[in-house]
Every structure is written in C-alpha cells, then in structure tokens.
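If you check TrEMBL, you get these features:
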- 21-103: domain 'Polysaccharide chain length determinant N-terminal' (DOMAIN)
- 308-363: domain 'Tyrosine-protein kinase G-rich' (DOMAIN)
- 21-40: transmembrane segment (TRANSMEM)
- 60-80: transmembrane segment (TRANSMEM)
- 341-361: transmembrane segment (TRANSMEM)
Amino acid sequence: MKKEESIWYKFLISIKKYYKNLFIFNFTVVLLAVIISFIVPKWYKASTTILPTVNNSGGLGALSMLGDLGGLASGFLGGASSDINRYLAILKSRSLREKVIKKYNLIKEYGCENMEEALREFDDNMEVEVGDEMQIKISFLDKNQDRVAQMTNYIVQCLDSANISLSIQEAKNNREFIRSRLQVAIDSLLILQEQLKNFMEKNGVLDIENQVIIGLQNIGELQAEMLQKQIELEIAKKQLSKNNSILRKLSTELAAIKEQYKKFFYDSVSQDRLVPPLSKVPELSIQFIWLKKQIEYYEKVLEFLGPQYEQAKIQEAKTIPTLQILDYAVRPEKKHIPKRWLIVLIAMILSSTLSVYYVYWKEYIYNRYFT
C-alpha cells in the first residue's frame, strides 16, 4: 500500500515539476482544436420522409370466380417485389444519382475529376433508412445550407418520376399480355361454340339429359305396347287361322313396334331424331359435356380478363404521384457537422494522454541515466 502511494506521490511531484510545460502544451492543443473546428467546412443535413402508396389490386377479388385460374392470374399480376425494395433500388440507381449530380453541377462542387468520383461522393452524402412503420427517410449532406433541402426534395421528385415511368411500363406490358390472353380466349371460345353447334346439328343433341329421360319414357311405353300386341297375337293365333287378315295385321303391328324399339338403341343418329340412340348416349354425353365445360371455362376467362384489361389500360394512362410525402425537407437552421465540442473534447483527451506519457518517459530517462 505504501509502495503504491509512493508511486502516485512521485507521479504528482513530476506533474507539478513540468506543470508549465504541460499547461502550455495542453492549452496549445485545445486552442488548435478550437481553431480547426471553426475552419473545417460546415455540413448541413436535410431529411424527408415518404410512404409508399397503397397499391390497388383492382380485381384480384375476381380470382374467386376462376378457381384453378387463380394460379395463372397471380403469375402475371402478383409480381414480384415490394414497393419499398423497388424504391430503394431506384434510389441506388445510377440514372437517378447522375440526374441529381448534373442538375446541381456536383462534379464541380465536390471538386471531382469525373462522374465516377462524384457518384462515390454522392453515395457518402446520402443516407436512406426504412422505419418500423415502413416509412422511408431520405437524408442528404451538403455544404450549402440553402441548397441541401432543395436537393433532398429533388431526389424524392426523381424517385417519384422514375417510379411512375416504371409503373407505366409495367402496366403496358401487363396490358399487352392480358390482351394476348384475351384474344386467345375469344378465339378458343368461338371455335368451341362452332364445334358445339356442329355437334348438336350432326347428332340431334339439344339437351342430352332431358332427351335421354324422354327416350327412356318412350321405351317404356313401347315395351308396354309391344307386350300388349304379343298377348293379342297369341290369343289370335289360338282363335283364328293362319291366313286371317286380323292375324296378319297384328303380326305387322308387332313387327313395326319392335323395329321402332330397336331404333332407340341401334339406329344411326340424324337431325330428325328427337332422342339420340341409347347405345351412343355415353359417347355423346362425354363429348357434349366436354364441349360445354370448355365453353364455360373460356367464358370465365373472359369474365375475368375483360375487367383486368380495362384496368390495365387505366393504369397505363395514370401519371399521378406514386409517393406519399409525410415530411418535406426544409432548410436546416443548424449545421450537422463538425461538432465543435466533440473536436475539443477529443483534443483534450489526446493532449492529456500525451502529457502523461511525456512525464513518464521524461522521469524514466532522467532516473535511469542521470541519477
């Protein structure tokens, strides 16, 4: 304990010994720091805060009408990336940065020799932050107190302009794609309707379900009539001779009923038939249902794509602002950097540290070589 007190006591004696030199040194360093803090150029910071506009899906609710078409619609309407990522990409784009640099002649202002150097300086001076509420804060540093707010607002203006151009191009591509799909749907629907018309005319099909019901009813009536004629013929055979006209008449009527009965199953199809042959009903039903389903499918496609096409045309024509500006950049009243108190504080810490080392080595050398 006494040894430690002795060391500190000697150190304080040494400080007192070189007090004047240390005071002059520290005072000089602090004074230089104050002078430097006034000489260093002032930089001003302006900030603006924006929010992405709420995109109107405009018709995505119609996906419910399409069932399996939902995947197709999301393929060309979903897209890709969030608005915030899109804005950040635009802010980092070379075209936007060069536009600002050229407008304010920053190559000369920054003392750069070419655009590449100015771009690097520009990137160092611009700061972009995304907040918790998905707001985007754009800040910019410049030596000109009056210009820095104008530049920051101009960056937002360029961002909005670029986003509008991209949105219009995207809407144009979307419209052209929807139009091509719409034309395909229309052509397919016309072809299928013509196929259905030819199928119905060729096979005598109007409403196959009801036609089959009617056919079954007619078959039932024919079976009952055929059974009745068979009974009458059997009775007539027992009572009349073979050459009797009544017997021949009953035989002819029974043969006609049997022939009509067979036609319901095996006769060829024709436009004159009210009921298609029952033997061909399964095949005709499959073809008829397939054609009807295909037509319903393309009708739903048209029902969905029609409004989407009109909306795409509207989106392509829109040139309204796409950003919501919460806070415009205003002229800063105070400088952002340099912070004079920080420069002076660092200078005091450095000078004090150097003073301690100075005293230590001074005493060390003196005690080692001169005592």
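For all residues, glycine too, the Cβ spot is worked out from N, Cα and C.
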For the domain 'Tyrosine-protein kinase G-rich' (308-363), the mean pLDDT of the predicted model: 81
Summary of DSSP states over the domain 'Tyrosine-protein kinase G-rich' (308-363), given as helix, strand and coil counts: 34 helix, 6 strand, 16 coil
